[in-house]
Amino acid sequence: MKPLVLTTIMTTIISGTIVVLMSSHWLTVWIGFEMNMLAIIPILMKKFNPRAMEASTKYFLTQATASMLLMLGIIINLLLTGQWTVLNTPNPITSNTMTMALAMKLGLSPFHFWVPEVTQGIPLSSGMILLTWQKIAHLSILYQISPSINPNLLMIMAAMSVLAGGWGGLNQTQLRKILAYSSIAHMGWMIAVTTYNPTLMLLNLTIYTMMTLGAFMLFTLNSSTTTLSLSHMWNKLPLTTSLVLMIMLSLGGLPPLSGFIPKWMIIHELTKNDMIIAAMFMVMTALLNLYFYMRLTYATALTMFPSTNTIKMKWQFENTKNIILLSPLIVTSTMLLPLTPMMTTLF
C-alpha cells in the first residue's frame, strides 16, 4: 500500500474514533462509526488475497448489521424522547437495542463468531488495529449510556464472553485466533463491571491494549503466526522468548504482572456489589485462558525444538524490522502492579 493512501486511510480511522469520542449527538456518533468501519476495510485487505477478502466481507456484513441495529435504537429513542442526546436513553427498549448493537460491534458473545475468523484472515499489523483501536469508540459509547443499561443483560453477555473466549482458544494453534479469543474474554471482563464502575472498564481497556500491542509486536518481530513458528524463536531471538513468556502470562492475569490489576479490581468491585457467584464464575473461566497462554509459553520458552544445523546461528544476524515502542510496552504490560494503590485512588 502506498504511503499517501495508507496515511489517508489511517487519518480517517483516527478521525472516526475522535468524532465518536467527542460527540453528544447520536447522528454524529453513527457517522463516526461508519467512517471508522469503511476506512478499516482497506487496512484489512492490505495483503490482497482470497482469505483477506473473505475476512473483510465478514467484518463489513457484521458491522453493517450492527450499525443498522444501532440506527434502529437511535430512531426509537428519537420517537420516544424527541432528543438526539447520547446521555438521554431512559427507555429499556432503546438501551437494550443499542447494547446489542454495540455488543455485535465489539464481538461479545453470542455475537463473537466473526472475531476469530476475521482476525485469522488478515495480517498481524491489521489484526493489531482491529483488536485494540477498534474497541475504543464502542466502549466509549457503552461508558456514556451505562446508567441506563440493563445490568442483567450485560452480566449474561459478560459471562458468555469469558466462557467463549476461554473455551474457544483451548484447541487453537494459530496465534491470531488465540489473540482473538483472548480479546473476546477481555471484553467480557470489561463489560461485567460497566454498570457498577464504568471508569474501571477504561483502566481494563488501557492495560489490555498495552498487553495486546506488545504481543502483536513480538509476533511481528519473528513473523510468527502459528505455535510451531513461535517454538523456533529461541533459535533466532533468544531474549524475545522470555518476553513472550511474560506478555502471555500477563494476558492471562497471573500475579505479579500487570494483567492481574484489572481482574483483581473487577473481582473486588463485583463482590462489593454482591455479585459473588458471577465473580467466582469469571475467575474459574479465566483459568481456561491461562491454560492456553501457558501452552504458548511452554512451546516458546520452556522447550528447545529440534532444528537443522543451517539455522543454528540465526541469532547472530541483526534483525532489520523496526518495531517502535516495544520496550515501553513490555515494561508497562508486566510491571505496573506496584502502582495498583494509585490506580485504585484514580479509578
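Using the three backbone atoms N, Cα and C, a Cβ is placed for every residue, glycine included.
Nobody curates TrEMBL annotations by hand; they come from automatic prediction.
Pulled from TrEMBL:
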{"type": "DOMAIN", "residues": "23-288", "note": "domain 'NADH:quinone oxidoreductase/Mrp antiporter transmembrane'"}
{"type": "DOMAIN", "residues": "290-343", "note": "domain 'NADH dehydrogenase subunit 2 C-terminal'"}
{"type": "TRANSMEM", "residues": "26-45", "note": "transmembrane segment"}
{"type": "TRANSMEM", "residues": "66-86", "note": "transmembrane segment"}
{"type": "TRANSMEM", "residues": "152-171", "note": "transmembrane segment"}
{"type": "TRANSMEM", "residues": "178-196", "note": "transmembrane segment"}
{"type": "TRANSMEM", "residues": "202-221", "note": "transmembrane segment"}
{"type": "TRANSMEM", "residues": "233-255", "note": "transmembrane segment"}
{"type": "TRANSMEM", "residues": "275-294", "note": "transmembrane segment"}
{"type": "TRANSMEM", "residues": "323-343", "note": "transmembrane segment"}
Exercise. What mean pLDDT does the predicted model reach across the domain 'NADH dehydrogenase subunit 2 C-terminal' (290-343)?
Worked result: 75
Seminar exercise, completed: Between the transmembrane segment (26-45) and the stretches 66-86, 152-171, 178-196, 202-221, the largest tally of CB pairs under 8 Å belongs to 66-86
Seminar exercise, completed: Under 8 Å Cβ-Cβ from the transmembrane segment (66-86), and at least six residues away from its ends along the same chain, one finds 23-27, 29-30, 33-34, 37, 93-95, 97-98, 100-102, 104-105, 111, 141, 144-145
Problem set entry | Beyond the flanks of the transmembrane segment (202-221) by at least 6 residues, Cβ under 8 Å | 124-125, 127-128, 131-132, 135-136, 139, 143, 175, 179, 182-183, 186, 189-190, 193, 230, 237, 240, 243-244, 247-248, 250-251, 258-259, 261-262, 265-266, 319, 321, 323, 325-326, 329-330, 332-333, 336, 343, 347
